Amino acid sequence: MPLLERLQFTCAICRIAAYTLYRRLCCKGNPIPKREFNITCIGLDNSGKSSLLTLLCGEDDISDISPTTGFNIRCIQVKNCILNIKEIGGGEKVREFWSHYYQGAEGVIYFVDSSETQENLLLSREYLRKALENNHLNSLPWLIMCNCQDKPGAKSVEEIQQIMALDKSCLFGACSIKSVQDAREACERLIEEMYRNSSPEETALNQV
Ligand SMILES: Nc1nc2c(ncn2[C@@H]2O[C@H](COP(=O)(O)OP(=O)(O)OP(=O)(O)O)[C@@H](O)[C@H]2O)c(=O)[nH]1
Ligand SMILES: [Mg+2]
């Protein structure tokens with residue numbers, strides 16, 4: 001083989017080797033699709049559902065949020081998961097329809113304004129217990145979000161746990177619009193629970 005051709009051949013082999021090495025080191029095939037979870041989010045009016053979820057979506061402005069009259073769908077990325085959160089209004093009239101929106105949920109987030117009066121916390125407990133008994137929700141992982149921790153007189157997670165006195169074991173998280181990272185971390189714990197609650201086939205598929 002003439003020298004020039006031998007040189008071209010060697011260069012081609014080197015290029016293929018370099019490209020293969022690059023693919024092995026940098027490109028790990030198709031990205032694994034993100035796991036999605038459907039979540040129902042409830043809680044009395046003014047407990048901060050819309051505000052906190054807006055902040056979790058990465059938006060900064062929560063100044064013009066009005067009471068939710070029906071429901072909103074929010075998509076939030078937490079870790080490598082997408083949470084499709086159905087946030088239902090907590091006003092007196094809307095509460096009666098909460099159960100119409102439960103089907104298809106894989107997890108529940110229940111918001112509490114931790115600074116509320118004892119009377120309103122007991123009212124919140126009443127709705128929480130009723131929702132916990134629902135057939136669509138009772139076997140799912142629950143996160144009780146003790147929100148508004150920044151407000152004066154806000155009760156701690158332990159105090160809210162005592163007031164709620166639930167039979168079911170639920171996750172509890174403390175947060176406020178000023179500590180969104182705490183809410184994110186609580187959502188991460190909920191994701192772990194939802195993975196545990198998934199069927200073995202689904203879990204295996206997501207570990208590929
Ligand atoms: N200080 C303080 N205020 C909050 C917090 N979360 C929400 N708020 C305020 O509480 C009010 C009600 O908040 P929303 O997010 O609309 O409450 P919601 O639970 O969505 O209410 P509904 O849609 O009626 O069910 C707003 O003025 C918020 O700015 C919080 O963590 N700390
Ligand atoms: Mg709302």
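Every residue gets a Cβ built from N, Cα and C, even glycine.
Residues Gly43, Leu44, Asp45, Asn46, Ser47, Gly48, Lys49, Ser50, Asn147, Cys148, Gln149, Asp150 are recorded by TrEMBL as GTP binders, and the candidate that the same record lists for that site, out of Gly90, Gly104, Gly107, is Gly90.
Counting Cβ atoms from all protein chains shown, Cys148 (GTP binding site) has 25 others lying within 10 Å of its own Cβ.
When secondary structure is read from DSSP and collapsed to three states, Gly43 (GTP binding site) falls in the strand class.
Close contacts with ligand 2, defined as a Cβ under 6 Å from any of its atoms, occur at none of the binding-site residues Asp45, Ser47, Gly90, Cys148, Asp150. Taking only the Cα positions, the spacing between Gly90 (GTP binding site) and Thr68 (Mg(2+) binding site) is 7 angstrom.
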